[in-house]
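**Q** Before anything else, here's the structure in question.
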Ligand code: KIV
């Protein structure tokens with residue numbers, strides 16, 4: 001197994017992500033939702049930790065990302081922020097908190113920044129929420145855009161299949177990406193779109209693109225931690241590479257513990273006072 005750890009221990013900033021794009025250094029990004037896992041991920045050298053609204057699925061057990069609330073996102077983000085010494089911490093604005101009412105969107109954004117200590121926000125959507133994004137950026141809050149498959153719009157799409165395969169949708173995506181850059185976003189996530197379109201977007205923008213299911217030409221990659229560590233089950237899209245099988249490892253450890261308790265093997269004489 002080959003490993004990589006940057007010698008540069010300075011805090012990652014939005015400015016440094018721009019420099020990484022310029023010198024063609026790929027950006028690593030992974031989700032985390034609690035202090036313990038975020039500490040491990042930060043110490044391993046991750047560039048960006050995303051407190052994704054995928055927490056709705058992998059932490060809260062919901063079927064979609066829609067139910068998670070602003071309060072729940074803030075609660076989770078607080079632990080991650082405390083853990084991240086080097087990584088930039090980006091927090092998702094949950095469904096309904098940024099949807100066409102710029103004043104309310106700014107209020108929600110300020111809550112995440114103030115109460116969780118987030119360093120940047122991620123927002124799903126393009127031209128439809130341009131005014132919201134502008135207001136948030138104007139208030140001094142860094143924003144990462146999110147285009148392509150936007151899970152908060154699952155009820156509109158009706159399916160989690162690859163987006164922007166047709167000309168009209170790919171043209172809109174390209175124009176939304178350029179708009180996000182003009183508005184001042186510092187990066188944009190491209191989820192589940194054809195690799196050639198992601199390449200075109202990446203080459204058209206000065207800001208970094210971070211892909212998930214968008215091929216190898218984006219400036220960085222992001223995965224959901226539970227998926228890449230093999231904790232989640234029954235989710236195996238083509239783009240997902242599993243780096244561990246923690247589900248089996250945890251299951252074996254827990255079974256061993258149960259067996260040791262039942263057989264009175266645990267605790268032994270050295271494990272008591
Ligand atoms: O919520 C999330 O985890 C995300 C990533 C999949 C990009 O938005």
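The first residue you see is number 1, and the count goes up from there.
A Cβ is built for glycine as well, from the same backbone N, Cα and C atoms used for every other residue.
Below are the features I grabbed from TrEMBL:
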ACT_SITE  191  active site, proton acceptor
BINDING   53, 54, 92, 122  3-methyl-2-oxobutanoate binding site
BINDING   53, 92, 124  Mg(2+) binding site
**Q** Do any of the binding-site residues 53, 54, 92, 124 touch ligand 1, in the sense that the CB is under 6 Å from one of its atoms?
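**A** Close enough to ligand 1 are 53, 54, 92.
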**Q** Using the Cβ center of 53, 54, 92, 122 as the 3-methyl-2-oxobutanoate site position, which other residues in that chain lie within 8 Å, going by their Cβ?
**A** 31, 50, 51, 52, 55, 65, 73, 91, 93, 94, 124, 146
**Q** Is residue 54 (3-methyl-2-oxobutanoate binding site) helix, strand or coil when read with DSSP?
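**A** In three-state terms, residue 54 (3-methyl-2-oxobutanoate binding site) counts as coil.
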**Q** Relative to the Cβ position of residue 53 (3-methyl-2-oxobutanoate binding site), how many further Cβ atoms are located within 10 Å?
**A** 29
**Q** Tell me the Cα distance separating residue 191 (active site, proton acceptor) from residue 53 (3-methyl-2-oxobutanoate binding site), rounded to the nearest angstrom.
**A** 14
**Q** Once the DSSP letters are reduced so that anything not helix or strand counts as coil, what is residue 122 (3-methyl-2-oxobutanoate binding site)?
**A** strand
